[in-house]
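What Swiss-Prot records for this protein:
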type	residues	note
TRANSMEM	10-30	transmembrane segment
TRANSMEM	65-85	transmembrane segment
SITE	Glu68	site 'Reversibly protonated during proton transport'
Amino acid sequence: MENLGDLAQGLALLGKYLGAGLCMGIGAIGPGIGEGNIGAHAMDAMARQPEMVGTITTRMLLADAVAETTGIYSLLIAFMILLVV
């Protein structure tokens with residue numbers, strides 16, 4: 001009977017770690033794709049209008065920060081899964 005309790009505790013830990021890993025892994029896909037698109041379009045815009053490099057860079061960094069928020073939220077949720085559950 002004692003082994004059954006250890007098995008249940010081990011499965012609970014497995015679920016917790018697997019859930020946090022999936023949360024972070026899947027939650028990082030969107031920001032990665034979004035930031036890549038932002039960077040690609042910013043480079044295209046800088047190649048077309050070299051005189052606007054400063055403005056384009058500023059807006060690119062701001063858009064990257066906004067795109068990264070979902071990754072940060074998934075990191076916070078992963079930490080909550082690890083520490084609270």
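Backbone N, Cα and C atoms are what each Cβ position is placed from, and that goes for glycine too.
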Same chain, outside the transmembrane segment (10-30) by at least 6, Cβ under 8 Å from its Cβ: which residues? 70-71, 73-75, 77-79, 81-82, 85
For Glu68 (site 'Reversibly protonated during proton transport'), which residues in the same chain are close in space, meaning a Cβ under 8 Å from its Cβ, but six or more apart along the sequence? Pro31, Glu35
